[in-house]
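Asker: According to TrEMBL, the record shows the following:
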DOMAIN    93-377  domain 'ABC transmembrane type-1'
DOMAIN    411-634  domain 'ABC transporter'
DOMAIN    712-1002  domain 'ABC transmembrane type-1'
DOMAIN    984-1219  domain 'ABC transporter'
TRANSMEM  134-157  transmembrane segment
TRANSMEM  210-233  transmembrane segment
TRANSMEM  239-258  transmembrane segment
TRANSMEM  319-341  transmembrane segment
TRANSMEM  353-373  transmembrane segment
TRANSMEM  698-721  transmembrane segment
TRANSMEM  762-788  transmembrane segment
TRANSMEM  851-875  transmembrane segment
TRANSMEM  945-968  transmembrane segment
TRANSMEM  974-994  transmembrane segment
Amino acid sequence: MEPLPKAGKDNPSASANLLSKIFFCWLSPLFRTGYRRKLEEDDMFRVLPEDASNRLGEELQRYWTQEVQQAKKKLQPPKFSKALIQCYWKSYLLIGVYIFLEEVIKVIQPVLLGKLIEYFESYDATQPVPVYEAYSYAAGISLSTFSLALLHHLYFYQVQRAGMKIRVAVCHMIYRKALCLNSSGLAKTTTGQIVNLLSNDVNKFDEVTLYLHFLWLGPLQGIIVTVLLLYAIGPSCLAGMAVLLILMPIQTTFGRLFSSLRAKTAVLTDERIRTMNEVVSGIRVIKMYGWEKPFGVMVDEVRRMEISKIMQSSYLRGLNMASFFVASKIVIFFTICVYVLTGNKLSASRVFMAVSLYGAVRLTITLFFPFAIEKVSESLISIQRIQKFLLLHEMAPQHLGLPVAEKDCMVKIQDLTCYWDKNLEAPTLQNMCFTVRPEQLLAVIGPVGAGKSSLLSAILGELCHESGVIKVKGELTYMSQQPWILPGTIRSNILFGKELDPKKYDRVLRACALKRDIELLPGGDLAMVGDRGTNLSGGQKARVSLARAVYQDADIYLLDDPLSAVDAEVGRHLFQQCICGLLRKKPRILVTHQLQYLKVADQIVVLKEGQMVARGTYRELQLSGVDFTSLLKHDQEDEQQDFHPFTCIPYVLSDRSSVSSLSSSQYSLIEGTDARSMEVHPKEEENRMEGNVGLCMYVKYFMAGAHFSILLVLILLNLLAHVTFVLQDYWLAFWASEQRHISETEHLNGSLPRQLDLDLYLGVYAGLTATSVVFGFLRTLVFFNVLVSSAQKLHNSMFNAIIRTSLRFFDANPIGRILNRFSKDIGYLDSLLPWTFVDFTQVFLQVIGVIAVAAIIIPWILIPIVPLLGVFLFLRHYFLQTSRDIKRLESTTRSPVFSHLSSTLQGLSTIRAFRVQERFQQMFDEYQDLHSEAWFLFLTTSRWFAVRLDVICSVFVTITAFGCLYLKEGLEPGAVGLALTYAVTLTGMFQWGVRQSAEIENMMTSVERVVEYAELESEAQWETDFQPPEDWPQTGTVTLDRVNFSYSVGEPLVLKDLSVTFASKEKDPVLFTGTMRKNLDPFRQHTDEDLWNALQEVQMKAVVEDLPNKLEAVLTESGSNFSVGQRQLVCLARAILRKNRILILDEATANVDPRTDSLIQQTIRDKFQDCTVLTIAHRLNTIIDCDKILVLDAGRMQEYDEPYVLLQNHDGLFYQMVQQTGRAEAASLLQTAKQVYTDKKQLTEACSTKDIRVIFETSL
């Protein structure tokens, strides 16, 4: 829970003057900074108070709560869309004023243009007409262009900010909801789905707000333009409007189809991200089992289905864009045909006024209006998905009780019955009754799956109770069975938001046996731990979790199996110094499988299959005749054993990361323990590329999607489409000029009326229109095909690289960061980048066309174009320096939002038990505000740039308009009309094209990020050149000869000069979402009988038979509908099925009860008698009968021999460890070791030696 560094700078937009706000001048200092150096997070401005996540979220939450209450009264389902409308309609409506004014000016401009061209038509050098009128029209055109530029950007800035506000508010609500979900709610969603809501669905609000106003503007503008067209060219305009109206429903249909495909794609994307989440979380298991290929096939399958939907929606999008591109051509073609064929004569003023009016309405009717419909329908789907999530069941609110005196703290449970899943016949817990008072220790014992953890969940309120009473007086705190570590420092994990009290902190560290570990860490307790505590061992994570609970200083402690991850010695230290030491005055409920501690408990509750089968003190249970220990194991401990405070033991046993965890935690008697051998991966900062996205990145992007020859065809199609596009308009101008010449000669000579060859002119015109339509559609579809194929290829390359890279990469990079590349970056490559690329290419070629036409008509116009081009190029370069950094900051400030969400969902029960939901919500808001700071700059900097570009275009329009008047001699009205009509379209279009080019460059950072992961360093080849025989290995012998090992190059050694039999390890019980069958046999290589037998071997057959669908029963995400012990057993069954020659068990039975443990050990002995079994365990009684034991310290081998031989050396580490278990247990262990040694000796004489089994005893 690291405090976030606050961005210090005040937001200058709050205090800027009117002119500065219109032209965004308040951003200029930031651009100067960005031009000089790379921008950092400190350069961003503090978020404006009205944009703060907490404020926005709480406001929307209020409206949503009202909506839920009203809906309940009316007996209707609540609608989230209603709450959104009520919250934002007023502010959003006001923004509509800007766009209304803009569209009015857009309609007036063509009228002024028509008047100016009329002046040229009536111009006669012999009879000069007053020129001031023409100049006033030119000034009107110039003024309207400037006004449009300013209004346009003010509108878009305001709506984008409105979109940001809604998105931030909804994210706040989604996170708040995630913190409150109860067990049934969590069962109906997955981390992948919540991440997808936060990364993709909420982005629809950013998009829909842009276009929503066009739903009423489109029809209104259509009516006004129709009236003006009737005035300009009479009824024949209706033909054109009819075509526009036909195109509208076609495009709307495209939009609808697109959103239904989007809904199907979203489901597949959810599925892919969820699978990726599991792959990244379970990467250790996947690598140990060699499952990379099958999992690759699984991801590939989902991705293939997703890409086929994306390709379909891209084609639809392509048709939509192409129809927008050719719409104006088709509309004008039909208008002109009807106009000419009804006997009218073409005149430049009428033609180009009509062209200009259609141009004004074309964008609104054929692009923004269908876009509005498409985005609204998309948003409604996203709103449905968010609403469904917001309506999931929540936990009952926890009432923070009044502080109680220490002597009054208690937990009382009466006739409690609970269900995790109502579909199961048997309740999870039933008929529970007990009371825990101050200073009492209640031990809860029972076999795997008995309901021990569920009992704690019920007390915490995580598990809803059906009947009965749970009465808790005092503040609870909880340590979960699976330790949960937040990314941050060890200290921040222990303090968990509390103030640091050095004396208390030191006491807690000593009691939790962490003092020594922290002394050995580089950086001490300020050492960073990765996501999920990846660089700590299981034992260290458990002790950090315990320390966190102890430091909270709560009234009542619920401890879920805190001793399973540590060895006997450390376990004893924790029990005496912490559970019965520091916490002795508190009521404690301890779930445990360590039976040697039961005598100390004030009460023992024995559970079996969710029922309480016995309750009482150790003595009472023994006298009652309930054979409670047979449920667990035969306890041969001496009853008189005294629990003396134990003394320091002179040795250190080391864990996976070679840090001594000496139980006494005061000092180590093995001198020279290597302090550097503890490996701490500092949390690596996410890479931010600097400078331009290189040309080679564009080449990689395009070449991933198509062959070079196809790319050449694509370039050719683009050029042909645009040449025909310009020629069609040029032919109109030529036609109008020819018509004028004929009329003039008729007028001068008074000769008979001469007719133009209509067939020729119409024929050429029709031909040009048809070719521009065909090429327009073709090039768009080919373009989309190439770019979506690129996305597919790059995703596959990235996935293959990720699955083949070393584990070190997963330790150094949080899950959120890796998932961000698979969700957000791939999302860009799939849909946004192809669309932006196609759009940019169209606009860029159109701009080239405009300049070319203007230069052909008025060649001298090239003179002012040169300086304008110079200013533009400098502006673009100046802007991109800053914009690129801001976009990258936006990407990197987004990752923590997802990482925080992911961590929260993993530690939900701990967060709620500690009642720090508000603090976590506050952290989420701070991460959101940090991202909003970057997003706000991203919006405003692009507006700063766009306003300046539009001003350049307005200057160009002004020069063209006045230039035509100045050089009126010898200019054709048709040519003037063409030049001016084209010049006017430049405003808006040019800045949009340039911003799209910047947008492409920004989005290419996503390609860069994907390529960066696609080029990760690979592990060794999966298959070697030398192939072993089919029946290899016949024996399971592994030899390590003088091996030195570190976690990565340049890291300190963790194994030093080791010569022994050794192998890698399986860590936590990782289960995957899917059926029980998929978890046991993901790739269907075994029969049902094999699966049932394997479950029988690990004592899980009965549990699975009780599930509604047996082997087809679906496990929830990470297998959370099973207890941790049951998950370990499923993993063990998975190992048994594989029948490998080498079996590695790393704490494989740490979370199961001793009886199940001994049964499983027996299974292992029977099933794997011809195998090499390497075990890492803490329970000495389960490993004492192994062939050999290896004791490691600080990465070096200290002892290696048969257990009985090791026990003869009274100075040895193993002997001292056995003594730690107590007199009776030690005697029993010695007796077992001796028996095994004697039996083995007799057996050796009888037959040749089989493969040996080696046990690693470690201290975690």
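Cβ coordinates come from backbone N, Cα and C, glycine included.
Tell me about the setting of these features in this model.
Answerer: For the domain 'ABC transporter' (411-634), the predicted model reports an average pLDDT of 84.
Beyond the transmembrane segment (134-157), the same-chain residues lying 6 or more positions past its ends with a Cβ under 8 Å from any Cβ of the stretch are 22, 24, 95, 98-99, 101-102, 105-106, 108-109, 112-113, 115-116, 119, 210, 939-940, 943, 946-947, 950-951, 953-954, 957-958, 961-962, 964-965, 980, 984, 987-988.
Remote same-chain residues near the transmembrane segment (353-373) are listed as 103, 106-107, 109-111, 113-114, 117, 208, 211-215, 217-218, 221-222, 225, 228-229, 232-233, 237, 240, 244, 247-248, 251-252, 254-256, 320, 323-324, 327-328, 331-332, 335, 729, 732, 977, 981, 984-985 (criterion: CB distance under 8 Å, separation of at least six residues from the stretch ends).
Cβ atoms under 8 Å from those of the transmembrane segment (698-721) belong to residues 325, 771-772, 775-776, 778-779, 782-783, 785-791, 793-794, 797, 841, 845, 1004, 1007, 1011 of the same chain, restricted to positions at least 6 beyond its ends.
For the transmembrane segment (945-968), the residues of the chain that approach it from at least six positions outside its boundaries are 22-24, 116, 120, 123, 131, 134-135, 138, 141-142, 145-146, 148-150, 152-153, 854, 858, 860-861, 864-865, 868, 871-872, 875-876, 879, 883, 976, 979-980, 983-984, 986-988, 990-992, 994-995, 998, judged by C-beta separation under 8 angstroms.
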Asker: Quickly jot the same-chain residues contacting the transmembrane segment (851-875) by Cβ under 8 Å, restricted to those at least six beyond its ends, or write none.
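Answerer: Cβ under 8 Å, 6 or more out: 726, 729-730, 945, 948-949, 952, 955-956, 959-960, 963-964, 967, 971, 975-976, 978-979, 982-983, 994.
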Asker: Of the stretches 319-341, 762-788, 974-994, which racks up the most C-beta pairs under 8 Å with the transmembrane segment (239-258)?
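Answerer: The stretch I would name here is 319-341.
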